[in-house]
Structure formats: structure tokens, C-alpha cells
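If you check TrEMBL, you get these features:
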- 155-169: compositional bias 'Basic and acidic residues' (COMPBIAS)
- 528-539: compositional bias 'Basic residues' (COMPBIAS)
- 155-175: region 'Disordered' (REGION)
- 520-539: region 'Disordered' (REGION)
- 184-217: repeat 'TPR' (REPEAT)
- 372-405: repeat 'TPR' (REPEAT)
Amino acid sequence: MGANSLEKKSRSGFWSTVFGRCKCWPRRTSISTGSIPNQNNNNVKTSNWNTRWGRSDVDQGLDGGSYLKSPPNHSMLVVVHQQNQVCKSPVESTRITTTNQRKVPKEAISISGELESMIMDYQKIKGNNSNLVRASSGNFMLYGHLGNLRQPVEAENKKEDNKVEEKPEPPSPQCKALATRRDSEKLKNLGNIDYNKGNFGEALSLYEAAIAIDPFKASYRTYRSAALEASGRILEAVSECREAIRIEPRYHRAHHRLGNLYIRLGEVEKAMYHLKRAGPEADSDHIAKAKTLQERINKCTEAKRLRTWNVLVKETDSAIKTGADSSPFMYAFKAEALLKLHRHQEANETLLQGPKYNDEDCIKHFGPIGNANLLVVQAKVDMALGRFDDALAAMERAVRLDSNSKEANSAMSKARALATFKTIGNEHFKTSNFYDACISYGEGLAHDPRNSVLLLNRAICYSKLGQDELAIEDCTRALSVRPGYTKARLQRAHCNSKLERWEASIEDYEILKKETPNDEEVKQGLSKARRQLKNKKTG
């Protein structure tokens with residue numbers, strides 16, 4: 001007992017000498033569950049997290065061991081083993097120096113130190129070829145056993161074994177812009193390359209990236225204007241050239257490009273103004289072209305005033321061919337003239353061939369009154385083809401833009417009347433009240449006698465009532481203003497068959513077969529008409 005008590009006193013004296021009294025140490029709760037005896041106290045290995053993350057990340061346990069706080073990305077951190085000494089407290093370091101650098105006993109080694117020692121032993125057995133990865137704050141695992149986690153080294157080795165060469169995809173404009181985001185000139189040059197190849201969308205993105213870096217470079221605005229023009233965005237190209245001239249008023253190339261854009265829009269006076277300020281960029285051909293276009297436009301205006309519609313169709317075609325191919329007013333003049341000549345289908349085709357601008361851009365460039373005039377013409381074409389709802393919507397927008405326009409208000413009243421009578425007639429037709437339906441469609445035709453849709457609807461009602469002669473007359477009137485109206489031609493062929501007019505019926509069916517070769521109704525009607533005509537001749 002005496003020996004044991006003496007041994008305990010000496011041991012307690014040793015602990016108090018090394019670690020001092022408990023009053024000198026703040027009590028903390030350690031993540032360690034206890035100390036694990038180590039077989040080699042002289043080669044205690046610890047992670048280098050304490051040097052990497054600072055001493056504030058090291059906790060001192062009550063048993064004197066160092067416990068490391070896990071860094072934020074500890075789950076994928078590869079532990080690099082260095083031979084460091086165990087982190088000591090200030091009291092511990094002073095005690096050791098005063099006691100002839102006495103070694104730390106096994107019981108003072110923390111669990112982190114034990115794990116490091118086990119790792120070192122494993123690496124010695126494996127010949128230091130195995131890489132260990134810290135999977136969590138207290139666990140380690142082999143790099144080759146990461147399961148579904150990515151292993152770039154093995155993937156690279158597989159690629160080398162297979163020797164498969166993948167063709168790199170061409171970089172997108174955004175990638176090019178990121179690669180050279182600090183050099184606007186390189187972006188501009190890359191945009192020029194794409195522009196010359198016809199890749200106007202990619203060129204436009206690169207020019208915009210260059211402008212974002214240097215927004216006060218007039219040349220970048222001019223290049224962007226060229227890409228917009230090539231993409232069919234004429235009004236936006238005009239705005240970009242205006243901005244370039246605002247930045248650099250004497251920039252000849254911007255004046256030259258803007259002058260050509262105004263020629264395409266049919267605004268000759270503005271075109272001449274900028275071409276005269278284009279300096280060496282302008283030539284006599286462009287100025288002569290602008291003067292010729294002015295003569296054509298003057299003739300169009302005169303023909304519209306005199307209501308000589310055939311002349312107006314001819315002069316608008318000449319103006320478009322001369323250079324005003326993006327002028328919405330030239331196409332509107334021609335469409336209006338075709339409507340007056342009762343060539344409704346051609347009027348619709350003319351507007352479809354013209355430029356497509358949204359209302360916001362039109363108002364910004366042509367003004368509210370100019371845009372209102374364009375909407376009136378569009379509404380008239382929609383009414384002629386029976387698109388009454390679209391016509392009414394266009395007229396309402398036109399009246400909002402120009403409430404004092406008599407033409408717009410008159411056209412809107414007409415569109416409302418046509419839409420109303422068509423709706424009433426359709427309701428009667430659904431209830432098989434064909435007589436009242438004929439009357440409703442007739443009231444609508446009083447506002448527009450050559451409306452092809454109302455004529456066809458009334459013809460169908462006439463046919464239901466057994467009045468095929470009247471039905472044929474309405475179908476013929478509808479086809480006179482709209483030769484490609486398939487429904488009207490089919491109804492006329494059907495009525496002629498009922499009246500046993502086989503030659504007329506076959507003529508319409510043959511035209512329909514060319515237009516709709518897969519229509520079974522047309523095939524059957526044609527076959528029946530031919531058979532009946534043959535029987536009539538033989539009989």
C-alpha cells in the first residue's frame with residue numbers, strides 16, 4: 001500500500017508538473033472520446049490543418065491532446081502528412097523546458113494523433129502508394145474506394161488507354177466574349193469574322209460584348225448596325241447608327257450606312273442629308289439612287305391622290321425595286337390599291353411580303369400617325385379576307401394612336417358591323433335556320449358587297465335551301481376577288497354537280513386537285529363528275 005500510494009503521488013506530481021493546475025486551463029468539451037495508447041511516442045504525426053487554418057482552429061483537450069476543427073470542405077480534403085510536433089499549450093511548453101525536455105506520455109496523445117500514426121503505419125506497409133482521403137472529420141478512406149465520387153486520375157488513365165480523340169466543339173459567342181472580356185478590339189475582330197461567314201447572330205453577340213466594355217466607341221455601334229441590318233432588324237440598325245453619330249458626329253462610315261438605311265425605308269430626304277456628310281465613304285451611285293427613288297415616290301403619292309390604282313400598283317413596284325424594299329408604306333400603298341381593284345388575295349400577299357415591325361418600333365420611328373395609317377391598311381385587308389376580329393383589334397389600336405383620323409374611325413365602324421352580322425348569321429346556321437342566316441349575311445354584305453367570306457357563307461345557306469343558282473353566283477363573286485379561295489371553288493363545283501353541269505364541275509374539281517392533291521372529297525367529286533359526263537355522252 002505504501003508503495004502504491006507513493007507511486008500515485010509521484011504520478012500526480014508528474015501530471016501537475018506537465019499540465020499545471022486546472023485553474024490555468026479553460027474547460028472545454030472535446031470531440032475525443034478518450035486517449036488511445038500509442039506504440040511510438042517519438043513519431044507522433046498530426047495533420048497540417050493547424051498550420052493551414054491557424055491556431056484558432058485547434059482545441060486543447062483536458063488530457064493535453066490537440067483536437068482539430070474540421071474545415072468547411074473537410075469531406076474531400078486530402079491529408080498531407082508532415083512531421084510536426086504536437087501542439088502544446090503555453091504552460092506545457094514552459095514546463096517541458098524546465099524539466100529537461102521531458103517526453104509527453106502515451107496518455108497525453110489525442111485521438112487525432114493516434115489516427116495519424118495508424119495512417120503512417122498503413123502507408124509504410126503499402127509502400128506509400130496509397131492516397132488517403134479525409135472523408136469526414138474523424139474518418140479516412142482510400143482514394144480508390146470513393147464509390148460514386150469522381151476520380152479524375154482514373155478517368156484520365158482510361159482516356160489514355162482508349163486513345164479516343166474528341167473533336168472540340170466550336171466556342172460560342174459567350175465563350176469567346178469571356179475569353180477576351182478585357183479586350184474589346186479582339187471581340188470586335190471575332191465579330192467581323194462571324195459576320196463575314198454569315199453568322200450574324202453570333203457576330204451581333206460579340207459586338208454587343210465589345211460595346212459593353214467600351215460603350216463610347218462609335219465604330220462598334222456601326223458594326224452592330226451592320227449585323228442588325230443583315231438580320232432584317234432595320235429600325236434597330238437605324239437607332240444604332242444614330243447612336244454612333246451622337247458619339248462621333250463626323251464619323252463618315254456611320255453617316256454612309258445610315259443614309260443607305262434610309263433609302264431602304266423610303267425616306268429619301270434623310271438619306272440625302274447623311275450621304276452628303278459621308279465624306280469619302282459616299283459615291284455618286286448612292287446619291288443617284290436616292291434621287292431616282294425620290295421620283296418614284298413622288299409618282300406614288302400623285303397616283304394615290306388621283307386614285308389611279310393601276311398606276312399606283314406599278315409605281316410602288318418600281319419604288320421597291322429601286323431600293324425601298326424595307327419601306328412599310330410602299331407595301332401598304334400597293335395593298336390598298338389592290339383592294340380598290342378588288343384583288344383581295346394579292347393585297348394579302350403583298351402585306352405578307354413586306355417588312356414586319358412591331359408597334360413600338362414603328363411608333364418610335366414613324367410616329368403615332370404613321371403607324372396608325374399602316375394599321376388601317378392592315379385592318380382593311382383582314383376585313384376583306386373575313387378576319388373580322390383581327391381587323392377590329394387593329395382598328396382599335398389605330399384609333400388610340402390617331403383619334404382624329406376619319407378613315408380610322410370609319411373603318412372601325414365597318415369592322416364592327418361586319419363582325420356583328422357574321423356572328424348572328426353563324427348562330428342561325430348552327431340551329432339550321434338557313435333563311436335567317438341568309439338575311440344576316442346579306443346585311444353584312446350591305447357594308448362590304450365583295451366580302452368573300454360572307455359571300456361563301458350565304459352561298460352555303462342558299463345551297464341548303466335548294467337555291468343552287470344563287471349559291472353559284474355568290475361563289476363566283478367570291479372567287480373574282482379571291483381566286484385561291486378553295487372553299488368557294490369547292491362549293492361551286494358541288495352546286496354544279498347538283499345541277500348536272502358536269503363540264504363546269506369537272507373544271508373546278510381539276511383546279512382543286514392541283515391545289516389539294518390529297519383531298520379525298522375532291523378526288524371523289526372529280527371521279528363522279530367524269531363518270532356522269534361519260535354516261536351522258538354515251539347515253
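Placed from the backbone N, Cα and C atoms, the Cβ positions cover glycine too.
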For the repeat 'TPR' (184-217), what is the mean per-residue pLDDT, to the nearest integer? 93
DSSP on the region 'Disordered' (520-539): how many residues come out helix, how many strand, how many coil? 19 helix, 0 strand, 1 coil
Across the repeat 'TPR' (372-405), what are the DSSP residue counts per state (helix, strand, coil)? 27 helix, 0 strand, 7 coil
